[in-house]
Amino acid sequence: MSARRDNTPTPKDEEMQKLVEPASPAPKEHGNKGSATKAISSCALYSFCSVSMVLVNKSLASSYNHLISGDLNILLVVFQAIIAVVAVELSKMMGWVEYPNFNFKTAKQWAPVNIMFCGMLFTGMASLQHNSVPMVTIFKNITNIVVAGGDYFCFGTQVEGLVLAAFGVMLAGAIFAGKNDVETTFLGMFWMAMNCLTTAGYILYMKFATKNVKLSKFGMVFYNNLLCTCFLLPCCALNGELQLFLQTDAIHTFDYAWKNSFAGFVGFFLNFASLTCVANTGPTTYAIVGSLNKVPTALLGWTLFNAVITPQTWFFIAVSMCGGFLFSYAKIRTSRKAARRNV
């Protein structure tokens, strides 16, 4: 007579069952909260670094511009890029960060970011020479709309109606604030249009590069500043800025060198913050945060440097804040909808 088989599971059977059973998926709610935290923190870091950089450069300008018979705008960017390269290389030597050694293939992949940046820098300076500041501000807000369109066509990012409404509010605020001081020429319109395209191209390609170039963020900071130096230093030699700097003994001081070094150190963090913000949020949010940075910059300039804020500027600040709140509400609403779909 055959023995009756006992089907009671043994401890060994239970262990095998645990190994075979698929793990229960982690709640997606925590992932959404983590993404939201990353987005908010990266935007806050980018805003802080951007405003800090503007204030440091404002301090440099107010302290030394009267000693220089011309301007050193591009050369200052080169100085700060060199300091950023030194800072990230020292961090690598200390073992705090890691990224591969320089190679030309990676440099070629990253070069379009710097070409767009140089184009944005030069066309921005040209547009300021041929247009009033309010007119340039209006086009900066138009650039945000171009970036949002590029974000949709290049990366498939859906743009909600409330986001477009926020852009409209900010653009309308810039138009009304500067309606009595809008001056431009055909050449000025050309340079502003070129600045709009190069700025949008810079932001959008930076998003593409952060997704496709296999580098850590610190590696991107290294290539960004190294290539920036390679592209802009010859321009400084050609336009006379390098010669002007060498001939102006009044700025060959420890204070000037220290302030430039500090600005380069801030630029190191600004590069990292910009790349992180674009990667964690997207080109559209990066562009809108950049526009809203004008609000704390104006208020801090008024407080620290006694800069005059006209009634039109106060109006622009108020409207920009309204547009920023509307944009934030639209993004929060979108995140909540996505969270409900993923539950």
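Numbers here mean position along the shown chain, with the first residue as 1.
Glycine is treated like the rest: Cβ placed from N, Cα and C.
Caution: TrEMBL annotation is automatic and unverified by curators.
Pulled from TrEMBL:
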{"type": "COMPBIAS", "residues": "1-18", "note": "compositional bias 'Basic and acidic residues'"}
{"type": "DOMAIN", "residues": "187-328", "note": "domain 'EamA'"}
{"type": "REGION", "residues": "1-34", "note": "region 'Disordered'"}
{"type": "TRANSMEM", "residues": "39-60", "note": "transmembrane segment"}
{"type": "TRANSMEM", "residues": "72-90", "note": "transmembrane segment"}
{"type": "TRANSMEM", "residues": "110-131", "note": "transmembrane segment"}
{"type": "TRANSMEM", "residues": "152-177", "note": "transmembrane segment"}
{"type": "TRANSMEM", "residues": "189-208", "note": "transmembrane segment"}
{"type": "TRANSMEM", "residues": "220-240", "note": "transmembrane segment"}
{"type": "TRANSMEM", "residues": "260-279", "note": "transmembrane segment"}
{"type": "TRANSMEM", "residues": "314-332", "note": "transmembrane segment"}
Close approaches to the transmembrane segment (189-208) from elsewhere in its chain (Cβ under 8 angstroms; 6 or more beyond its ends): 112-113, 116-117, 119-120, 123-124, 126-127, 129-131, 135-136, 139, 142-143, 146-147, 150-151, 154-155, 274-275, 278-279, 282-283, 286-287
Recorded stretch that, among 72-90, 110-131, 260-279, 314-332, has the most CB pairs under 8 Å to the transmembrane segment (39-60): 260-279
Tertiary contacts of the transmembrane segment (220-240) (same chain, 6+ residues out, Cβ under 8 Å): 70, 74-75, 77-78, 81-82, 84-85, 88-89, 92, 99, 102, 106-107, 110-111, 113-115, 117-118, 121, 209-210, 213, 267-268, 271-272, 275
Top partner of the transmembrane segment (152-177) among 72-90, 110-131, 260-279, 314-332 - counted as Cβ pairs under 8 Å: 314-332
Beyond the flanks of the transmembrane segment (110-131) by 6 or more, those residues with Cβ under 8 Å of it: 73-74, 77, 139, 183-185, 187-189, 191-192, 194-195, 198-199, 201-202, 205-206, 209, 213, 215, 220, 223-224, 227-228, 231-232, 235
